Ligand code: HEM
């Protein structure tokens, strides 16, 4: 751990592993990758199952917001998928329930970032990332990927 490291030991900057190792050298929570199929299993259909949704490729456990996201609740349609566009536009239209941000206005993008930070990151533990967020289109690791900070939340280390 960091505490047990020798004084004066300087960890390399995250960038230095680009093109070398497939994982960053720094310790941190393991990163779970969700395919669309996996994420779709957590849409709140079953009682007692966790409810997940992704915003900007970050998968949040929104189970504690069951009154919003559970079966029959007003925002259930956002769950089990990446609903970035819907969150940006405050829309539940099925065509907006996608990761795709193409053509969003500056105002919608600002709103997206506000809700991402002030609602999702502030309230709900991160449980992983969508494949789209972690990998390049050819399936190779995206070396610019950086996990989100969420130090105020005590996320379960279950992976
Ligand atoms: C008549 C329309 C709507 C009304 C009156 C409404 C009302 C509300 C209220 C009162 C809250 C806060 C609840 C609380 O914190 O206790 C909320 C949260 C929220 N609303 Fe709406 N809403 C509407 C439409 C929508 C639509 C169309 C979306 C589409 C994405 C949306 C997305 C959200 C989200 C993501 C939250 C945060 C939920 C959370 O804390 O996890 N709302 N809404």
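Cβ coordinates are placed from backbone N, Cα and C, and glycine is handled just like the others.
Pulled from TrEMBL, these are the features on record:
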- 1-31: region 'Disordered' (REGION)
- 34-131: domain 'Cytochrome b5 heme-binding' (DOMAIN)
- 137-159: region 'Disordered' (REGION)
- 145-159: compositional bias 'Basic and acidic residues' (COMPBIAS)
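Mean pLDDT for the domain 'Cytochrome b5 heme-binding' (34-131) in this predicted model: 97. Look at the domain 'Cytochrome b5 heme-binding' (34-131): DSSP puts its residues at 45 helix, 15 strand, 38 coil.
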